[in-house]
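Structure record follows, encoded as structure tokens.
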Amino acid sequence: SPPVCGTELLEVGEECDCGSPTNCRNPCCDATTCKLHSWVECESGECCEQCRFIKAGNVCRPQRSECDIAESCTGQSADCPTDDIQRNGQPCLNNFGYCYNGMCPIMYHQCIALFGASATVSPDSCFDSNLDGQGLFYCRRERARIFPCAKEDVKCGRLFCNYFQSSCLYQYSGDIDFGMVDDGTKCAEGKVCNSN
């Protein structure tokens, strides 16, 4: 059967159906024909407003962090462009870190997440435990085998933090990655941790 215009049900052959002309609340739809008005560019989307594309340059997805990129409408589409991030390795947080997959992982923030707001990163000497490759102190794990850190990689194993008067503190749990320095964390100038 042919579509019946004005039922508020989108049927085959209709571009829109917003009900009767007196009840229609969709400015893009011609309620008498159930077709979109000829001037309509879009009906919905982050970059669509009053049936027209929002002009180019209007931000549709704000920057969430220093390693994220704000997206703006193109003026040619109702959709916000694909979410994009800064390239990996871009310096961030005043050169304390490098962007990694849209984040700026630094040890200081990881210590705060593990111990609380007063936590700081322990002195370099604490990280030497990662040279042992014993127990919880290592750089890499493959199944049951653990691999010690090389001297230049000691800051890519277990994370050591100071909390109030205590130093060389670390955390661990059943999750083997818990308490380890996060991948992408700056460990030296021009170098980041990578568990692979």
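Glycine is treated like the rest: Cβ placed from N, Cα and C.
Bond annotation: of C47, C48, only C48 is listed by Swiss-Prot as forming a disulfide with C42. Note: Swiss-Prot links C104 through a disulfide bond to C92 (candidates: C92, C126).
Within 8 A of the CB centroid of the Ca(2+) site residues V4, L9, E11, E14, D17, the other residues of that chain are P3, C5, G6, T7, E8, L10, C34. Summarising the environment of C47 (disulfide bond), the number of other Cβ atoms within 10 Å of its Cβ, over all protein chains shown, is 25.
For C73 (disulfide bond), the nearest of the recorded positions by C-alpha distance turns out to be E11; the candidates were E11, C149, C161. A gap of 66 Å separates the Cα atoms of C168 (disulfide bond) and L9 (Ca(2+) binding site).
Of all the disulfide-bonded residues in the record (C67, C111, C149), the one with the smallest CA separation from D17 (Ca(2+) binding site) is C67.
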